[in-house]
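The structure appears below as structure tokens.
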Amino acid sequence: MLNKPEVPIEAIEAREILDSRGKPTVEAEVRLETGAVGMAQVPSGASTGTFEAHELRDGDPSRYGGKGVTIAVRNIHEKIAPSILDMDAFDQVSVDLKMIQRDGTPNKKELGANAILAVSLATAKAAAAELDIPLYRYLGGPLSNVLPVPMMNVLNGGAHADNNVDFQEFMIMPIGADSFREALRWGAEVFACLSSVLKERKLLSGVGDEGGYAPNLGSNQEALDLLMEAIDKAGYKAGEQIALAMDVASSEFYKDGQYIYDGSAHSPQEFIDYLDKLVSQYPIVSIEDGLAEEDWDNWKILTDQLGSRIQLVGDDLLVTNPTRLQKAIDMGVANSILIKLNQIGTLTETLETIDLATRNKYRSVISHRSGETEDTTIADLAVATRAGQIKTGSLCRSERVAKYNRLLRIEDELGDRAVYAAKIGLGPKA
């Protein structure tokens, strides 16, 4: 981050707003003594890891079915604000540490990670506004010029859709594009062709939480076949120009040591072999949460079997947590981490986790949540950290497209300095 004379935090406001699923979430505004203001909104997940930081909900069934966040908002006004008012907005680490200390719990359950994160991000945005520079430049400095390869979730299943598909996300990745703008166009064209393919087969449905189609299909393999057909129909070469990726979210169908999919139970090794078969049959370059979040020994087997060929991303397994990431590094488990700000709860801890991953040659994928807002922080974060990949949903629903549009603007701002991650080997492991 850039150095600047101290600018104290003067005021903090917070409110309960709605996310993209119509559920309450937290918005915070941080105002500095100079008048600069930063605003941030926090997302929430549908498929959540057991070890994520605590999202504080009211539990009052008379409001939003118990999902209200008025306690989190009150915590910002009554507990967080008094702790950090007059602190230097440019000292992000100290601001975040003060909130962590004020909370005093391992998973932020006292104040709520949703309360802490909203203030953490709003503080960084206020500091960037004070300097009159974009957030990505404030966080990453002058070398922040790499636009990420998008993981576009165009077919939904699992916890993200009301259908009979086991795996949660089937994604396309434009690995052969020359720029982010071109990659986005390719993805949008494939998405449009997918709509046509589904319509022809009388499978066209509404979209899931993240904007992907959610048809009832006979198997997970049928979803991959549909993507291959859509890529071909759009005029692109699968594997060369556009690759496939999956979020299996296997914790959702793991029970009593077995994986239950396609209507029957399977041992961990049978499931690993099934994933291996899919990788051999389709141009899959990335699998997220290939095994359940506490199935560490079998994760090691999965990594040994597939890790040299594709990217194996830990989401529920690692929950943006440096302690769990260090365990994975020590065990040789996975080779990439999904980064979700609200899983850990502060900007500082998020950046520390990304740094730990980078130092140990693990890739980072910056990610949204299924319950999103119009906040575009993750787009700036992807560029600031040179992560090389971003996962922010499909090519429809404005809370998803907002992140893509922000990346288009960043690419335009950078001009000739902009580099598409796939061109310099920062895309998915292949």
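First residue shown is number 1, and so on along the chain.
Note that Cβ sites are derived from N, Cα and C of the backbone, with glycine treated the same way.
Binding of (2R)-2-phosphoglycerate is attributed by Swiss-Prot to Q168, R369, S370, K391, and within the candidate set K199, K340, K403 the record adds K340 to that site. According to Swiss-Prot, D247, E288 bind Mg(2+); the candidate from D225, D315, D316 that the record adds to this site is D315. If you take the C-beta of K340 (active site, proton acceptor) and look for same-chain residues 6 or more apart in sequence within under 8 angstroms, you find G45, D315, V319, T320, S367, H368, R369. Spatially, by CA atoms, the recorded positions E210, D247, E288 include one closest to S370 ((2R)-2-phosphoglycerate binding site), and that is E210. Apart from D247, E288, D315, the Mg(2+) site neighbourhood in this chain, defined by C-beta within 8 angstroms of the site C-beta centre, holds Q168, E169, M246, V248, A249, I287, D289, V313, G314, D316, L338, K391. When secondary structure is read from DSSP and collapsed to three states, E288 (Mg(2+) binding site) falls in the strand class. Residues listed for (2R)-2-phosphoglycerate, Q168, K340, R369, S370, K391, cover a largest CA to CA span of 17 Å. Sparsest Cβ environment among the binding-site residues R369, K391 (other Cβ atoms counted within 10 Å): R369.
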